[in-house]
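Have a look at the structure below before the remarks.
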Amino acid sequence: QMRTTRKVSVWPVGLVGGRRYERPVVENGKVVGWYTGWRADRPFAVDMAGFAVSLQVILSHPKAVFKRRGSQPGMQESDFLKQITTVEELEPKANNCTKVLVWHTRTEKVNLANEPKYHLDTVNIEV
């Protein structure tokens, strides 16, 4: 699905942020918010594995940089994406962000400390 990215596309990521998954919330084909376990107020509350950028966008924004240093913790994705797009321009993939096709994996026990007991997602996603 990344191949069809025109500008910047997004999708859910499994086993991230202390949750079973995090995802962009999509209404009428547009990203309108974030289902996340950590700092939902971020401009782009998306994991590194949860977006793709077309090469044309990269080439048309030669001053856009992905900061290894200088970003607040967890803000690298937002700091980068703010330079090249807006939330309104995001292209939801994975069946309007209702399917997990990517997992954030580590060789350690999964931490689900931020998995909510209440206020569950409105979409039932299998992880």
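Each Cβ is built from the backbone N, Cα and C atoms, and glycine gets one as well.
Feature list (source: TrEMBL):
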- Glu77: active site, proton donor/acceptor (ACT_SITE)
- Asn96: N-linked glycosylation site (CARBOHYD)
- Glu22: site 'Interaction with galactose moiety of substrate glycoprotein' (SITE)
- Asn114: site 'Interaction with galactose moiety of substrate glycoprotein' (SITE)
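Of all the recorded positions listed (Asn96, Asn114), Asn96 sits in the most crowded Cβ setting, with the most other Cβ atoms within 10 Å. Listed in sequence order, the residues of the same chain lying 6 or more apart from Glu22 (site 'Interaction with galactose moiety of substrate glycoprotein') and placing their CB within less than 8 Å of its CB are Pro12, Val13, Val16, Trp34, Tyr35, Thr36, Gly37, Ala45, Val46, Asp47, Gly50.
Geometry remark: Glu77 (active site, proton donor/acceptor) versus the residue listed as 'N-linked glycosylation site', CA distance 20 Å.
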